[in-house]
Amino acid sequence: MISDEPRINDDIRVSQVRLIGPNGEQVGIIATSVALNLAKEANLDLVEVAPKAKPPVAKLIDYGKFKYNEKIKAREARRNQSMSEIKEIRFRLKIDDHDFEVKEGHVRRFLSAGDKVKVTIMLRGREQSRPIGGVELLRKLADDVADLGSIEFAPKQEGRNIIMTLSPKGKKVHTQSEQRRRGGQARAERKARQAAHLAAKTDNNTSPKQMKSKEGSNAEDEK
């Protein structure tokens, strides 16, 4: 049975990997042993993300936390999908300014709570043959609440109604724990870059003469 789990840490048997830092930064090709040491120093895992590449690609991440966060995200997505509501606001085309402001207040409250809002204008008699007034009114409403939501489905006529759907705007907030995590990842990346640079510098400083001298010394030792 083939496992879907990637190889991590000591299960990675290749001699070299192309290392990616915690934030997706390209570090370069380094020895797997060096990458493992960097992972241990940063309290992270070395995870093989592209085993068929030459050399395989590995990334520094907290694998346990990664799997946990993926489960949380999947659970939140399922919960949001099941709990999401579409609120509905209905009014006539000939609505006075005060009533329009009241309806707009309801829309703003729904959007602030993270709910979508379906706005319906009910047309009467001859209004059905001239729906442009309803379309303009809905677009005005969308402009008034643009700080909280945006148009998901543009105003369109459906029978005796003109309908528009608004979606809330999401705001991403970085918590203190998220900031600490990003700081740790940045430090791990710096160490990885320094190790790669040092390894490259060591290789460049080893001249053919030095290598030949070393080989001769080894031969003398064998005698």
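Even glycines carry a Cβ here, placed using N, Cα and C.
Summarising the annotation, TrEMBL assigns compositional bias 'Basic and acidic residues' to 175-192.
Per TrEMBL, the feature domain 'Translation initiation factor 3 N-terminal' maps to 8-77. Across the domain 'Translation initiation factor 3 N-terminal' (8-77), the prediction's mean pLDDT works out to 91.
Taken from TrEMBL, the feature domain 'Translation initiation factor 3 C-terminal' covers 85-169.
The feature region 'Disordered' is assigned by TrEMBL to 167-223.
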Counts by DSSP class (helix H/G/I, strand E/B, coil) across the domain 'Translation initiation factor 3 C-terminal' (85-169): 34 helix, 32 strand, 19 coil
